[in-house]
Amino acid sequence: MERELTGLREIIGDCDKEIVQALKTRMECIEGIIQYKRNHGLPVLQPEQEKKQLDRICKEVEGTPFGEEIIHIFERIMENSRKIQAKALFDRNILLIGFMGAGKSTVSACLGKMLAMETIEMDRFIEEKEGMKISQIFDVHGEEYFRNCESNTLIELRSKNHAVISCGGGVPLRPHNVELMKKNGYVIWLTAKPEAILERVKDSTERPLLNGHMNVSYISSLMESRREKYSAAADLIIDTTGKEIVEICEELLQKLSAMQKNKKEDE
Ligand SMILES: Nc1ncnc2c1ncn2[C@@H]1O[C@H](COP(=O)(O)OP(=O)(O)OP(=O)(O)O)[C@@H](O)[C@H]1O
Ligand SMILES: O=C(O)C1=C[C@@H](O)[C@@H](O)[C@H](O)C1
Ligand SMILES: [Mg+2]
């Protein structure tokens, strides 16, 4: 009986060795793919390719016991492959800035999934720390206090090195914040036409600066007054008007890779 158990454990040990070897080979292939994509200016991530691989695995395990568990393991393998690709392609944080409703939070969530990167919402981070919603912080402590919370959060986030950070809409207003952001990663400015912004945020009361001012003319003038500040902070600008989220993320990744490539060639 005991010998049978030892035998089974030995087989598991051999399986693990084979799995480790196969994973090493798989990761090496991923490194090769990264290099190829870089050299040929191809999109960073190709979700249709991942879907093809997963379909292949599903067929392979069809009707076998543990099919569901095996698929689950492969999903993790693919998630980690995305992580390796993203780490190789982007060596720094990605910080999203822009007007309220420009899509920073939505794009950040989508990018985080695509690149298997950690995502950080500055507004949520502050809400958790202060134990109240942004609108309450404005009501109880005033805007200046909230702006100090933003600056302190940026200081805390200096320790992050591979995250997508969705900044509050007003973060680039302070020059010192801009300095911190630029040191901490690539700053991407998401823009949208005032009409599109209004359409996106008109039913929400969560943005204190817009409460009582839900109209295109107010949004336009506040946006205009901030344009120079956003522009000074931005490494890259992406117009989101009329675009789907995935489309925006793909454009962002394409432009970011090209920018990184140019930067490295200049160095
Ligand atoms: N490209 C888009 N097309 C249509 N709707 C969008 C787009 N991007 C975001 N939205 C929608 O607009 C709303 C605001 O988006 P989101 O919260 O991501 O903006 P934000 O830039 O994070 O705003 P804030 O600065 O207030 O945090 C959400 O309901 C979201 O679903
Ligand atoms: O643009 C702004 O000033 C703000 C944007 C939101 O993300 C919140 O940070 C807050 O509502 C202020
Ligand atoms: Mg947001």
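Cβ from N, Cα, C; glycine included.
Curation does not apply to TrEMBL; its annotations are automatic.
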ASP123, ARG147, GLY169 bind substrate per TrEMBL; candidate in ARG38, ARG56, ARG226, ARG227 listed for that same site: ARG226
Given TrEMBL lists GLY101, ALA102, GLY103, LYS104, SER105, THR106 for ATP, the same-site residue among ARG3, ARG207: ARG207
Mean per-residue pLDDT computed across the domain 'Chorismate mutase' (1-89): 89
Sequence-ordered binding-site residues from GLY103, LYS104, SER105, THR106, GLY169, ARG226 with Cβ under 6 Å of an atom of ligand 1: GLY103, LYS104, SER105, THR106, GLY169
Filtered binding-site residues, from GLY103, LYS104, SER105, THR106, ARG147, ARG226, whose Cβ is under 6 Å from an atom of ligand 2: none
Pairwise CA distance, GLY101 (ATP binding site) versus ASP123 (substrate binding site), rounded so that it is a whole Å: 13
Using Cα positions only, nearest of the binding-site residues to ARG226 (substrate binding site) (ALA102, GLY103, LYS104, THR106): ALA102
